[in-house]
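Read through the structure below, which is laid out as structure tokens, and then see the notes.
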Amino acid sequence: MIRRFRRTKIVATLGPSTDNHIILENMIKSGVNVFRLNFSHGTREEHIYRAKLVTSIAKRLNCHIALLGDLQGPKIRICKFQDKKVFLKVNNYFILDANLNENLGTSERVGIDYKNLPKDVKKCDILLLDDGKIQLKVINIVDQEIFTKIIIGGVLSNNKGINKLGGGLSARILTKKDKRDIITSIDIGVDYLAVSFPRYGSDLDHARKCAVKFGSKAKIIAKIERAEAVKDLKIIDEIILASDAIMVARGDLGVEIGESELAGIQKTLIRRARQLNRVVITATQMMESMINNPMPTRAEVMDVANAVLDGSDAVMLSAETASGKYPIETIKVMSKVCMGAEKMPSINVSQHRIHDKFHDIEEAIAMSAMYAANHLSGITAIITMTESGKTSLMTSRITSGLPIFALSSHIQTLKLTALYRGVTPIFFNSSKEGVSAANEVINLLVKRGFLEPGNLVIITQGDIMGKVGKTNTSRILKV
């Protein structure tokens with residue numbers, strides 16, 4: 001019997017907790033498919049060191065692990081307090097002062113790093129600090145000072161983020177730091193580049209042009225975290241189509257749109273991304289308690305399982321692996337939860353694009369192969385022989401319980417497919433074509449233990465090997 005694979009991929013964030021090569025190796029063995037470099041933290045040298053460590057271990061283990069560079073973006077923050085933190089009392093007044101020295105904050109006022117904030121707010125706006133833990137109501141704006149009344153108080157420490165309820169902050173999509181980090185990401189050779197806080201599709205177009213100008217070949221991920229980005233379905237689709245993948249970044253997004261709206265928006269984003277043939281990652285606090293505990297809460301287990309059932313390509317861990325005490329255990333638990341959720345039959349039925357026109361021959365072949373696989377009894381696997389990974393992506397848009405094997409001679413392509421739901425990347429290089437190449441692939445998969453004699457498989461390939469966009473054939477073969 002063909003062995004069962006976990007279909008949902010796991011993205012883990014690198015950090016101090018993963019700097020040990022033994023821990024990193026065990027994380028890969030436990031199920032990590034993509035490692036994230038969070039450019040909001042750490043130095044250029046640290047990121048390069050961690051990326052090299054991942055690459056060397058993955059090469060030794062003969063597995064294809066993708067690297068994801070995550071740009072900080074225009075995160076709007078307060079500056080620093082003289083005493084590092086202050087206590088804000090409800091009904092007291094507090095000033096956000098764009099002219100104040102960045103280190104001279106007090107319990108009465110604090111500086112802000114985004115100097116145009118006074119122009120972006122108006123009376124009665126609600127400003128959310130530290131992910132909404134502190135809430136301020138704007139009562140007046142005078143020049144560069146924003147006068148507020150404290151609605152929800154508490155301890156406020158240095159450099160906490162500022163959001164506006166309902167969105168409306170107009171900071172530019174790429175900062176000077178982001179541009180420096182893009183250069184670092186090129187030196188590292190990341191496969192994916194995540195763009196933070198896009199509000200419209202044009203923001204992604206701008207980010208892509210900038211990255212390409214610097215020489216980046218990375219695929220672009222849109223991090224959905226602004227209220228404007230989910231204002232209506234038209235804007236959602238515009239952002240999805242302008243990117244190669246999206247990340248449902250539930251932290252800032254939940255703060256801006258309100259926690260009560262988050263679950264519905266998550267489901268909408270995942271559904272639309274899959275319908276538009278894009279990859280989708282669900283992120284933020286998925287197993288937050290495992291930063292300090294060896295076991296997750298039941299609510300966290302349900303959250304991960306729900307993201308799987310929604311159809312996420314990947315679920316992501318942040319501080320749980322970057323700075324947590326139990327990075328390996330977290331990966332193991334998340335992997336088990338994903339596999340448990342994938343047993344549910346609800347995710348094995350798909351109507352993907354059944355009523356839509358196909359855009360090209362590759363998509364037509366991929367869709368026909370997957371529908372045949374889901375409706376012909378006895379199919380055990382789908383094999384895509386691919387140059388760019390596009391056919392593998394298309395087949396992975398139709399949910400099924402069947403493994404998809406992406407075979408390519410291009411390491412970059414194999415790393416990209418590491419993020420696709422249900423796809424297992426395998427290196428394959430041959431001068432053969434047609435049925436001869438297909439038979440060689442089958443022999444390789446049997447040798448690797450992925451297939452057994454008697455299995456029925458579907459193979460997609462092109463008549464001409466080695467050229468992008470030439471997939472035009474689907475075969476059903478018996479091993």
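We number each residue from 1, going along the chain as drawn.
Note that Cβ sites are derived from N, Cα and C of the backbone, with glycine treated the same way.
Source: prediction; values computed, not measured.
Per Swiss-Prot, the features are as follows:
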| type | residues | note |
| --- | --- | --- |
| BINDING | R36, G251, D252, T284 | substrate binding site |
| BINDING | N38, F39, S40, H41, R77, K160 | ATP binding site |
| BINDING | N38, S40, D70 | K(+) binding site |
| BINDING | E225, D252 | Mg(2+) binding site |
| SITE | K223 | site 'Transition state stabilizer' |
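Ranking the recorded positions N38, H41, K160, K223 by the distance of their Cα atoms from the Cα of D252 (substrate binding site) places K223 first. When the recorded positions S40, K160, K223, E225 are screened for a Cα within 10 A of the Cα of G251 (substrate binding site), the ones that qualify are E225.
The two recorded residues K160 (ATP binding site) and D70 (K(+) binding site) have their Cα atoms spaced 19 Å from each other. The Cβ of E225 (Mg(2+) binding site) has 28 neighbouring Cβ atoms from other residues within 10 Å, across all protein chains displayed. The most densely surrounded of the binding-site residues D70, D252 is D70 (count of other Cβ atoms within 10 A of its Cβ). Neighbours of K160 (ATP binding site), defined as other CB atoms within 10 A of its CB across all chains, total 16.
The CA atom of D70 (K(+) binding site) is located 5 Å away from the CA atom of N38 (ATP binding site). Ranking the binding-site residues F39, H41, E225 by Cα distance from T284 (substrate binding site) puts E225 first.
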